[in-house]
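Notes follow once the structure below has been shown.
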Amino acid sequence: MLGTFLVLLYAGASLAQNMCEMGDGYKVRLSIKTALGDQAYAWNENEMFLFRATLAFAMRKHFNDSQYNILVCNETQRVSFHFVVADPRNPHALMEKVQVEKAVRASRHRINSAFLLSDSTLEFLGIPPTLATPFRPATPPWLIAFGVVIGAVCAGIIVMLTSSLVQRRR
Amino acid sequence: MDKDARPNWGSPMQFVLACVSYAVGLGNVWRFPYLCQMHGGGGFLIPYVIMLVLEGLPLFYMELAIGQKMRLGSIRAWSAISPYLGGVGLASVLTSLYLCLYYNIINAWSFWYLFNSFQPVLPWAECPLNANRTGPEEECARTTPTQYFFYRQTLNISTSIDETGGLHVGQVLCLLLAWILTYLFILRGVKSAGKVVYFTATFPYLVLFIYLIRGLTLHGAVNGIKYMFMPKMEHLADPKTWVNAATQIFFSLGLGFGSLIAFASYNDYNNNFERQAVVVAFINSGTSIFASIVTFAIYGFKATVNFESCLERTRLLLLNTFEMAEELISLDNISDWIEKLSAKYPEQFDSLAGVWENCSLEDELKTAVEGAGLAFIVYSEAIQNMPLPQLWSVLYFFMLLMLGLGSMLGNVTAIITPLRDFEVVARHISIEALSGLVCLFCLLVGLSFTTASGNYWFTMFNDYAASFSLLFVVLVEVIIVSYVYGIRRFEKDVEDMLGRRPSWFWKILLVAVSPLVLASLFIFYIVSYIQGGTPTYQAWDKHLGASVVTEYPIYGQVVIGLLLASTVSCVPLSALYTYCKTKRRPGTRELSVSQEWTLLGWRCEAELRE
């Protein structure tokens, strides 16, 4: 009984590994030491669990439905790995790459924050970041400074011209 | 008599500060450090100081003497000294006019950068985003954000001088402000200018000092200073070094524009201009050296920052390609790792050939830039990396403004003073109205430099309008004073003003050395013009994100020719005019008056004319 269970477990794990390696997924690369320096955390199984949970959250949030299984493989020392998302309705098929991309882009900021990283240090190779629009004030700031200075200078000219006119009349 | 009396400087100090403010300009900050770097660092100081003594001092002395003696602007002063060669004064005024037209554009740029410094993030620190917000704008991604800000957002430059494009509203407004401010400073002549120069002459030194402290404490500044002061004596054998030293002294002191004559004409008759000439000339050169120490500290910082980011990019490239843990490669051991990896995995290294950058601190330090590129691009790049960049940016661009406006004071005075010497002008137009008219005229013509191709016209004027013509003017001036008018009469005039004759030092320099140096420079310029082929300019290619050397079109070359010919031809044309006038009417006032001058002496004549 136990033996059958273990064999099934082993088969399931290798099947998952196979699906990940064969499947068309995204490569993720993390640069934790570069981003955090002394405050960097070590990458271990717990962090990987968080990654899979965060990505499952992103998929669930975007598609508004049930649980997603994230399969990870090809981990390296660099801290980079491949992942694919299993389709919850059909456990032997994978979600399409385009769908995964949409979900990741929608929740990119949340995913980054979970790891205290940014778009450049938590890279999804092939998914371009959506950068925040910079704040544009209603009046360009240079115009305000310009207005102040030109007002002061014109006032100075008027003062000097009137004073010399007055002097000449006297 | 009192109403028509010539206005005077409030004190001799105002005169000295006005000369300092005029001579110490943008060239001290953006041309001298470049020349130092190009011609062997500390070694360049040797030809520089030698040329200062041989050429700068005597010519400066001569112009101040003439202005103070004649108490007239350049046109009537030179007509009085030598009636046939009086056109040299007219040539000075015309050159000053060309200078005024384009010089205030630099002040407009300084204003633009100054106003844009009042933002939480400096606009030249980051690229703006592209349309779908996935990355930086394409043109900006190909070049650096600072270059993009200068070429695209400040100038909105077109790809060649042929495409005129429209006016840049920001530039127009800033140019308007620059001219209004210039008008405010000169509207009452020396009465108002004399007060302004207290500030425009001294404030830049304060900022340079602050920047010196800040610059020397920056990371990597020492690299720049070491690079500059390491003298590379082999450059002294290159004749170009000596030519550039002579040219730099010449233009830096502002000789030949008529501004010095105009300033000196408002002096007291017995003012000790000899000492003042030496003081101002040495202050000017000292400021150049001081500014280049600051510039090289900043260069060193910028080069080090760029070098370290290059190393960082290389490190990431290695980590990503070879999937190694981050802590294995640091900036210290990166060169060892490069060797190890290239030996162990040569094919993978070759595949990196497209993106591999060779990082070198030497190369970063060697990239020498001059002119607007140094002042606006290199400095703003260095400033954005400093902590609290807005403060440094405001200080720096305000200093550039003071330097530029101080020089503008001299430039505009060189036009207004000679015009006011003509009674028909002085009686009917007040000084405020005349200054206003000159400023308005220069503003309207200067608007053409704010178009999309305006920077190319600016470069043309900058390179040709005031370089060759000035050499010609000053050469003619020194020949007139030494030979036509005679060094003996000049000696007597100086004795009259100062109470003692000029020493043999000044006499030898004026009669023999300076004319020789100027004549050699003149010949050198002609030869290099002829050998240089078609004149070219740097056009900004927005697809490449870099400048491309392009030839001037035919009409551009015609304009260059006109610029040179119009000023140089003033001298022979005016000589011809005087000759025809005296031929027709031998008993004219001019001739008889000049004979009177020779007989009675200058002082009496000056009093009679007043």
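Even glycines carry a Cβ here, placed using N, Cα and C.
Heads up, TrEMBL stuff is auto-annotated, nobody curated it.
Residues or ranges marked as transmembrane segment by TrEMBL: B:12-32 (among others).
Feature annotation from TrEMBL assigns Na(+) binding site to B:Ala23, B:Val24, B:Asn28, B:Ser252, B:Asn284, B:Leu403, B:Ser407. Counting every protein chain shown, the Cβ of B:Ala23 (Na(+) binding site) has 27 other Cβ atoms within 10 Å. In this structure, B:Ala23 (Na(+) binding site) is part of a helix by DSSP.
Sequence-distant contacts of the transmembrane segment (B:44-62) (same chain, six or more residues past either end, CB-CB distance under 8 Å): 35-36, 235-236, 241-242, 245-246, 248-250, 252-253, 255, 260, 273-274, 277-278, 280-282, 285, 288-289, 474, 477-478, 481, 502, 506, 509-510, 513-514, 517-518. The transmembrane segment annotation in TrEMBL covers B:44-62 (among others).
Look at TrEMBL and you will find B:83-105 (among others) tagged as transmembrane segment.
For B:165-186 (among others), the entry in TrEMBL reads transmembrane segment. Long-range contacts of the transmembrane segment (B:165-186) within its own chain (CB-CB distance under 8 A, at least 6 residues past either end) are made by residues 104-105, 107-109, 111-112, 115, 154-156, 158, 192-193, 196, 405, 408-409, 412-413, 416, 435-436, 439-440, 442-443, 446-447, 449-454.
Positions annotated as transmembrane segment by TrEMBL: B:198-222 (among others).
The transmembrane segment feature in TrEMBL is assigned to B:242-266 (among others). Sequence-distant contacts of the transmembrane segment (B:242-266) (same chain, at least 6 residues past either end, Cβ-Cβ under 8 Å): 6-9, 15, 18-19, 22-23, 25, 27-28, 31-32, 35, 38-39, 44, 47-48, 50-52, 55-56, 59-60, 63-68, 70-74, 77, 89, 92-93, 95-96, 99, 190, 273, 281, 284-285, 288, 407, 410-411, 413-414, 416-418, 466-467, 470-471, 473-474, 477, 517, 521, 524.
The annotation transmembrane segment is assigned in TrEMBL to B:278-299 (among others). Sequence-remote contacts of a segment are chain residues at least 6 beyond its ends whose Cβ falls under 8 Å from one of its Cβ atoms, and for the transmembrane segment (B:278-299) they are 16, 19-20, 23-24, 28-29, 32-33, 36-37, 45, 48-49, 52, 56-57, 60, 205, 208, 211-212, 215-216, 218, 221, 224-225, 227-228, 248-249, 252-253, 365, 374, 378-379, 382.
Per TrEMBL, transmembrane segment is recorded for B:394-416 (among others).
Beyond the ends of the transmembrane segment (B:437-458), by six or more residues, the same chain brings 97, 100-102, 104-105, 108, 155-158, 160-168, 171-172, 175-176, 179-180, 182-183, 412, 415-416, 419, 429, 537, 539 to within a C-beta distance below 8 angstroms of the stretch. What TrEMBL lists as transmembrane segment is B:437-458 (among others).
Here TrEMBL flags B:464-487 (among others) as transmembrane segment. Cβ atoms under 8 Å from those of the transmembrane segment (B:464-487) belong to residues 59, 62-63, 66, 78, 81-82, 85, 88, 91-92, 95, 98-99, 102, 247, 250-251, 255-257, 507, 510-511, 514-515, 518-519, 521-522, 525, 529, 535, 560, 563-564, 567-568, 571 of the same chain, restricted to positions at least 6 beyond its ends.
Long-range contacts of the transmembrane segment (B:508-530) within the same chain: residues 51, 54-55, 57-59, 61-62, 243, 246-247, 250, 467-468, 471-472, 474-475, 478-479, 481-482, 487, 490, each at least 6 residues beyond the stretch ends and with a Cβ under 8 Å from a Cβ of the stretch. Positions annotated as transmembrane segment by TrEMBL: B:508-530 (among others).
Here TrEMBL flags B:554-579 (among others) as transmembrane segment.
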Residues flanking the Na(+) site, with Cβ no more than 8 Å from the Cβ centroid of B:Ala23, B:Val24, B:Asn28, B:Ser252, B:Asn284, B:Leu403, B:Ser407 and excluding those residues themselves: B:Val20, B:Tyr22, B:Gly25, B:Leu26, B:Gly27, B:Leu253, B:Gly254, B:Thr287, B:Ser288, B:Gly406
Touch test for the transmembrane segment (B:554-579) and the transmembrane segment (B:198-222), at least 3 Cβ pairs under 8 Å: no
Selection from B:12-32, B:83-105, B:394-416, the stretch that has most Cβ pairs under 8 A to the transmembrane segment (B:198-222): B:394-416
Surrounding CB atoms that lie within 10 Å of the CB of B:Asn284 (Na(+) binding site), all protein chains: 24
Reduced DSSP assignment, B:Leu403 (Na(+) binding site): helix
Under 8 Å by Cβ from B:Ser407 (Na(+) binding site), counting only residues of that chain that are 6 or more apart: B:Ser21, B:Tyr22, B:Gly25, B:Leu26, B:Tyr103, B:Gly254
CB within-chain contacts under 8 A for B:Asn28 (Na(+) binding site), separation at least 6: B:Ser252, B:Asn284, B:Thr287, B:Ser288, B:Ala291, B:Leu403
